[in-house]
């Protein structure tokens, strides 16, 4: 639709027309535009913009930041970033850091065992070393999150890990992999507990962190190691263990 430039009116203030009973139909409309088309005649275009927020609440930052819970701490040794982070959540993260470090310690002991010259299952050694590094990375990720939320990292003692994994009936390979499976399930159980602490304290950010960074990966690890256990049960303690070890080495 072409407009005749010389016949286009200027913007004018909106004068609302009263509806039945004298009430305004739309008190928030602000401007109207009239124009003339040579073929269709005069047309009116009304542009409305709401001046009232949909929620009925206007954001007033300079007033709202005066709330006591938003005040920036001035005392030394007090986190400036901490907000809505319960003490129970802080403790749960520290406990999970310890869980991850303990798991890493066990896997590192398994790596050392299979790397011995009289065991010499290099594929198993590689698998458990990588598992140890992964658990340590999980601990470091939790430590970084603790600092992000304004908590304080507290490292708890790590339990001694066994150094011998020979098993008369199962053999060392199957026994070690079953131990790894049980350990992964235990770590998963601990992670679910941390998630429940976040829910109990109404901390959706911590719950999202545990879900997105740990839970999916944990069930995938459980599935993979479960398959390894099933396959090792099939091959027994003999020559099949060597072939399985070569596959882990690839």
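Using N, Cα and C of the backbone, Cβ positions are placed for all residues, glycine too.
Pulled from Swiss-Prot, these are the features on record:
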- 100, 135, 138: Fe cation 1 binding site (BINDING)
- 135, 184, 218: Fe cation 2 binding site (BINDING)
- 83-236: domain 'Ferritin-like diiron' (DOMAIN)
- 50-82: region 'Extension peptide (EP)' (REGION)
- 1-49: transit peptide (TRANSIT)
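The two recorded residues residue 135 (Fe cation 1 binding site) and residue 184 (Fe cation 2 binding site) have their Cα atoms spaced 10 Å from each other.
For the pair residue 218 (Fe cation 2 binding site) and residue 138 (Fe cation 1 binding site), the C-alpha distance works out to 11 angstrom. For the domain 'Ferritin-like diiron' (83-236), the model gives a mean pLDDT of 98. When the binding-site residues 100, 135, 184, 218 are compared by the number of other CB atoms within 10 angstroms of each CB, 218 has the fewest. Residues 99, 101, 103, 104, 134, 136, 137, 139, 141, 142, 187 surround the recorded Fe cation 1 site, their Cβ atoms falling within 8 Å of the Cβ centroid of 100, 135, 138, which are themselves excluded. For residue 138 (Fe cation 1 binding site), the count of additional Cβ atoms within 10 Å of its Cβ stands at 23 [all protein chains shown]. Residues 103, 131, 134, 138, 183, 187, 188, 217, 221, 222 surround the recorded Fe cation 2 site, their Cβ atoms falling within 8 Å of the Cβ centroid of 135, 184, 218, which are themselves excluded.
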